[in-house]
Amino acid sequence: MKYVCAFLSIGAVLLGPLMFGLTTGFTGQTIDTMANTVATADGTPIQIGDYDHLWVLHGSSESSLFGSLMNIGAMIGAFIGGPLIDAFGRKWTLVGCSPCFVLLYLWQALAHTSWQLLLERILVGIIVGIESVAAPTYIGEASPTKIRGMFGAANQLAVTIGDLIAYALGLGFRTQANSVDPNATSQTFCNWRDVSWIYLIPSGLLGILVFLVPESPRWLAEHRGLDAAKKVLLRLHGTDENDPDVVDELKAYEVTVEAQKAKAGISRKQRFHDAVSGLRKYWIQVVIGVVLQICQQLSGINAVIFYQTTIFQAAGITNNQMMALVTMIIQVVVTFISCCIMDLAGRRFLLVFAASGMCISAWMLGLFFYLQNVTGLTNVGWLALASAYCYIAFFSIGVGPIPWLIMSEIFPNDVRGNAAAIATAVNWLFAFIVTMCLDAYRKAITYQGVFWSFGFICLVMVFFVLFFIPETKGKSFEAIEAEFDRKYHRKHAAKNEKSPVQNDSMGKAGETPSSPTTSEAV
């Protein structure tokens, strides 16, 4: 049966982005217990007891650090991940992440001091950063061209499922923590140590299952030769070597093998120089990958999630936990829909559609806060709730999954690892910046100013996609590279060649008797 091996292999690799989601979602239900900041609906603090030493973080600075250090670690990990996936392969990099996740979540479950938790958080961030380079790259290279969009969007689907599971586990593992506070019940505090123990299961499964999958055929073509790549490609496609898709892929691999032979025996210094030259040569792809990741983080999704309690309260909803769970379910469902239609609708259309919808939704959220805070209207909570849910749905169908998918498609083979590392690191950098600066930004320009500015960024993203991003649906990596070469690189090369030609013409116009050109002319 066609593509069975591809489905199983990529399904195993998706445990990587699942760990991504579990890690980012861990703090949603646990941080208040860890920092002893649990409170009633009216803001009355509930003091934690001494059960299992659940109170570890002290002060708002430590809890903020715990929430943000993962982004710093992930940025570092992304830079490490690029060279790792090129040197050791996409598969073995992911396999190596597994024992690291196991050890770090074991560490987290047993930690009893704040410095232990903070150090663990930055280290687990490094592993998440490595994974966030390796998994999308493997998925893009192992996916058959016809359904690459579906598999690429599944990367974001796994992240959202991880977020949802993390939140559900936080709701499920509750305790009174031996508290004597009259407001404390068996559902008041989150037993984050038990949640950490549960995380050991997917952490271990990641290594076990990915160990069984074949390596990326493109990496094999570059490092193990054409025969090894051909064998794996036939397994992934579930067909014979006469299949037109396989024939096209193998022709591309032959070019890769020849290019690798030309590099044989060169020094590390020359390899580094070639890597830098490659990034400069394919500058437009790198810029597109980086700008899409920046737009994803600056689109305002973190603001909607961060201020969702305020939005729910304005809509008259008191059960914030349940509504937050509904938000995550919407993300999962709509991202699943995105997977199903990605290879039908195309990347450009979905990105423009999603960014346009986010733009309107963000402006409507800004309008709600303006009406509430400036004009004093109090009966427009429905506008806030509808805008927030529409915003999240539009993000999930396009701006969430597609930047990761595009990143795996547009970078040429010889710079894919390094370019993916740069784009991913930029994503984590801006995630950190938004996390740290969002509240100060809100205080400076008000709630409505925040959402109106994010809406403007979404509008900028629409025009960026329309003018700079080609459609990659159904195209091989080589066809995508050829399109970029035709549209950008040849024009750039022509401009560089134009200057010497002009100089030569000027030289002929001002020839002197002693010049070589004059002698030849005579």
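Along the chain as shown, residues are numbered 1 onward.
Each residue, glycine too, has its Cβ placed from N, Cα and C.
Quick caveat, the model's predicted, so the values are computed rather than measured.
Annotated compositional bias 'Polar residues' per TrEMBL: 512-522, in sequence order. The domain 'Major facilitator superfamily (MFS) profile' feature in TrEMBL is assigned to 9-473. Taken from TrEMBL, the feature region 'Disordered' applies to 491-522. Taken from TrEMBL, the feature transmembrane segment applies to 65-85, 92-110, 122-139, 151-173, 196-214, 282-307, 322-342, 349-370, 382-407, 419-441, 447-469.
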Are there 3 or more C-beta pairs under 8 Å linking the transmembrane segment (282-307) with the transmembrane segment (447-469), counting only pairs at least 6 apart in sequence?
yes
For the transmembrane segment (282-307), could you work out the same-chain residues 6 or more beyond its ends whose Cβ comes under 8 Å from its Cβ atoms?
327, 355, 358, 362, 365, 388, 391-392, 395, 399-400, 402-403, 406-407, 410-412, 415, 419-420, 422-424, 426-427, 430-431, 433-435, 438-439, 442, 447, 450-451, 454-455, 457-458, 460-461, 464, 468-469, 484, 488-489
Under 8 Å for C-beta pairs, could you tell me which stretch among 92-110, 122-139, 151-173, 322-342, 419-441 has the largest tally with the transmembrane segment (196-214)?
92-110
Counting only CB pairs under 8 A, let me know which of 322-342, 349-370, 382-407 has the most with the transmembrane segment (419-441).
382-407
Top stretch among 65-85, 349-370, 382-407 for CB pairs under 8 A with the transmembrane segment (92-110)?
65-85
Is the transmembrane segment (382-407) close to the transmembrane segment (151-173), in the sense of at least 3 CB pairs under 8 angstroms with a sequence gap of 6 or more?
yes
Maximum Cβ pairs under 8 Å to the transmembrane segment (322-342) - stretch from the list 122-139, 349-370, 382-407:
382-407
